Amino acid sequence: MHLHGAEAQQQQLVKGLSWKYYESSCPKLESIIKKQLEKVFKKDVSLAAALLRVHFHDCFVQGCDGSVLLDGSASGPVDSEKTAPPNLSLRGFDVIEDLRRRVHKECGAGSVSCSDITAIVARDAVVLTGGPQYNVPLGRRDGVSFATR
């Protein structure tokens, strides 16, 4: 049996991910992100590459869990992934934080994972700067700790 197109993609999804994960809980998710990124890139198109890089760095160490977005705290390690040497030149965290606030205002606090927001942002950064359109399965869970050295 050969699967084509969407059927093949559906069969290959990682457990827990879905093409329609936020369809009922946050139906405007992708349009909120895309509309705001269009404004951001009109002001500074170089942020597109920076945001794609944030997603890559997040996924590289222990999977796409949003842990690169976490700050260190008084109760935890002093260092965070943000302050690890390979990540010191990352930028665009403020854009992702602004998008998180916008999404949570529309759909409820904690309604959408930061790791999914980051994945959509990376895809839209590619698309809005002339790259190919592609679908992003959603349903990632945010990490609550960052990778250690």
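A Cβ is built for glycine as well, from the same backbone N, Cα and C atoms used for every other residue.
Now, the feature entries from TrEMBL:
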- HIS57: active site, proton acceptor (ACT_SITE)
- ASP58, VAL61, GLY63, ASP65, SER67, GLU81: Ca(2+) binding site (BINDING)
- CYS26-CYS107: disulfide bond (DISULFID)
- CYS59-CYS64: disulfide bond (DISULFID)
- 16-149: domain 'Plant heme peroxidase family profile' (DOMAIN)
- ARG53: site 'Transition state stabilizer' (SITE)
Cβ contacts within 10 Å for CYS59 (disulfide bond), all chains included, total 19
Helix, strand and coil residue totals from DSSP for the domain 'Plant heme peroxidase family profile' (16-149) stand at 71 helix, 2 strand, 61 coil
Lowest local Cβ density among ASP58, ASP65, which the record lists as binding-site residues, within 10 Å: ASP65
Which whole-number mean pLDDT does the model give the domain 'Plant heme peroxidase family profile' (16-149)? 88
Here the 10 Å Cβ neighbour count for GLY63 (Ca(2+) binding site) comes out at 15
Relative to the Cβ position of SER67 (Ca(2+) binding site), how many further Cβ atoms are located within 10 Å? 23
